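Shown next, in structure tokens, is the structure this report addresses.
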Protein chains: 2
Amino acid sequence: MEVESSTAGAAAAAAPLSPGDFRELFDSVDAFLFDCDGVIWKRDRLLDGVSQTLDFLRSKGKKLVFVTNNSSKSRKEYAKKFSSLGISVSEDEIFSSSFAAAMYLKVNDFPQDKKVYVIGGEGIMEELQLAGYTGLGGPEDSKKTAEWKSNCLFEHDKSVGAVVVGLEPVINYYKLQYGTLCIRENPGCRFIVTNRDAVGHMTNLQEWPGAGCMVAAISDSTQKEPIVVGKPSTFMMELLLKKFQIDCSRMCMVGDQLDTDILFGQNAGCKTLLVLSGVTTLSALQDPANDIQPDYYTNRVSDFLDLLGA
Amino acid sequence: MEVESSTAGAAAAAAPLSPGDFRELFDSVDAFLFDCDGVIWKRDRLLDGVSQTLDFLRSKGKKLVFVTNNSSKSRKEYAKKFSSLGISVSEDEIFSSSFAAAMYLKVNDFPQDKKVYVIGGEGIMEELQLAGYTGLGGPEDSKKTAEWKSNCLFEHDKSVGAVVVGLEPVINYYKLQYGTLCIRENPGCRFIVTNRDAVGHMTNLQEWPGAGCMVAAISDSTQKEPIVVGKPSTFMMELLLKKFQIDCSRMCMVGDQLDTDILFGQNAGCKTLLVLSGVTTLSALQDPANDIQPDYYTNRVSDFLDLLGA
């Protein structure tokens with residue numbers, strides 16, 4: 001898909017965001033979509049200047065939306081996290097992949113009497129419950145073990161009609177086996193995943209295996225490709241458009257990851273800005289092997305204030 | 001690679017093994033290579049007639065070799081298992097993927113002062129030790145947990161020069177993170193896997209996720225493709241040929257899995273026979289989507305006795 005660009009004659013390679021670029025970008029968009037991990041915060045630490053930058057954008061009438069692939073929290077818990085960091089954000093402004101998973105079932109008329117097996121955290125369980133679905137597994141199965149004995153039959157619930165896989169901090173063989181059996185043996189069972197991020201910021205200091213790791217495991221054992229509801233799939237954009245009346249071309253997606261955030265923005269026809277405060281380094285962006293180029297890049301979100309002389 | 005066939009004008013599709021076919025096959029090979037799970041046994045139960053069949057083949061001067069992707073045991077432990085089932089097999093006749101992983105390091109001059117991180121069972125640990133290497137992880141890391149806290153740095157041994165992944169009954173996030181960090185951060189660290197079987201017979205009654213599941217997880221989190229030492233890679237055949245002086249065209253590979261056993265036999269230029277006593281059903285074999293066709297198929301190994309009127 002062609003990337004829309006606000007700069008006439010822009011080259012394929014991303015340009016560092018200049019004051020002139022940003023003025024033009026700022027004037028041409030009504031909404032800024034922010035990824036969270038590596039953009040707004042790292043783990044539990046708010047990145048410098050983020051609070052002032054968001055206040056400034058709101059004061060100028062810009063709509064702010066937060067779009068995260070991290071499925072560990074529900075929207076409600078994300079709103080609490082923002083609040084604990086001194087930022088006021090309403091649940092409606094948060095689009096998390098945990099919420100998207102529950103909404104995907106809803107939008108596709110998943111029957112209320114079918115159950116959902118979860119390989120992932122509380123966030124997915126909570127969103128499923130809010131959407132009226134019965135979730136099995138998740139944290140409840142964290143201490144369970146599978147017995148490898150002759151004549152041992154692993155029982156699973158035949159009424160499971162969907163398996164949702166997200167980031168799972170307590171992955172074990174029991175969960176892998178349960179999810180695998182549901183997908184392999186329950187007719188029509190759906191295989192839905194929050195995202196396929198290879199790594200994520202589980203701590204401030206290192207990248208750790210992300211949801212993509214658990215998704216790959218189940219995709220291999222079932223020999224099935226999943227339905228992805230998080231970035232770069234545009235399903236969250238569909239949800240967002242139902243909520244807000246903004247043209248995609250008048251949105252700017254701000255993220256730290258090329259194959260999720262920037263690709264998501266491009267897939268949806270948004271303007272795109274990469275920040276270097278998260279998983280992507282400048283050399284990774286400029287690596288000839290990288291074929292995902294945002295419209296612009298800058299070091300961090302708070303550069304907005306300097307660029308506009310705010 | 002072209003499949004060698006003992007039947008002139010054989011069609012692409014595998015033929016059911018007839019008495020005439022088997023007589024011809026029997027006379028044209030000096031060695032039978034057997035997969036174990038689903039061929040010789042299921043979990044701890046010897047399949048009917050296997051013992052008599054193996055005795056008969058030995059009495060006719062055929063060399064018997066056992067080639068298994070299951071890395072949970074060392075060769076020594078496999079010999080014990082055969083013995084406990086009433087079959088006398090020497091360690092030299094067993095080629096397990098646990099042994100192959102250790103031999104791959106040896107053949108490639110892996111330095112003795114470098115360590116090997118293992119995601120897998122005792123079989124790999126034992127074979128590494130026998131080959132003179134220091135294995136880390138494996139069963140020892142089964143109860144360890146990774147803390148997802150701000151400022152938490154996950155320490156790993158910088159002298160790990162290879163990560164070996166096999167079937168891991170006690171997979172956890174700690175092991176995934178340890179293996180991922182070694183491959184991502186230790187320069188030149190090798191990523192070696194015993195096999196990529198999607199499922200296996202962990203019990204008599206069901207197929208459960210196999211080593212492919214753990215391999216896919218690490219391959220995703222590191223964004224690296226592994227070196228496979230088990231079937232269908234022909235590395236175990238190289239080891240086998242060093243031991244025995246038999247021409248590949250005078251061997252018959254007998255297995256229950258198309259994409260490991262039969263492909264291994266074909267890759268090595270052996271004759272191939274699928275038995276339907278394991279993971280592959282006749283309808284899976286005859287599915288138009290299946291492009292791996294053995295020379296012949298039969299229900300079980302003990303059919304040999306009937307076919308030769310033994």
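Glycine too: its Cβ is placed from the backbone N, Cα and C atoms.
When the candidates A:ASP220, A:ASP247, A:ASP256 are compared with the Mg(2+) site entry in TrEMBL, which names A:ASP35, A:ASP37, the shared residue is A:ASP256. Taking CA atoms as the reference points, A:LYS231 (substrate binding site) and A:ASP35 (active site, nucleophile) are 10 Å apart. Between the CA atoms of A:ASP256 (Mg(2+) binding site) and A:ASP35 (active site, nucleophile) there is a gap of 7 Å. In the three-state DSSP scheme, A:ASP37 (active site, proton donor) falls into the strand class. Residues A:CYS36, A:GLY38, A:VAL39, A:ILE40, A:THR68, A:HIS201, A:GLY255, A:GLN257, A:ASP261, A:VAL275, A:GLY278, A:VAL279 surround the recorded Mg(2+) site, their Cβ atoms falling within 8 Å of the Cβ centroid of A:ASP35, A:ASP37, A:ASP256, which are themselves excluded.
Around A:ASP35 (active site, nucleophile), the C-beta neighbours below 8 angstroms that are at least 6 residues distant in the chain are A:PHE66, A:VAL67, A:THR68, A:ASN69, A:LYS231, A:MET253, A:VAL254, A:GLY255, A:ASP256, A:GLN257, A:THR260, A:ASP261, A:GLY278.
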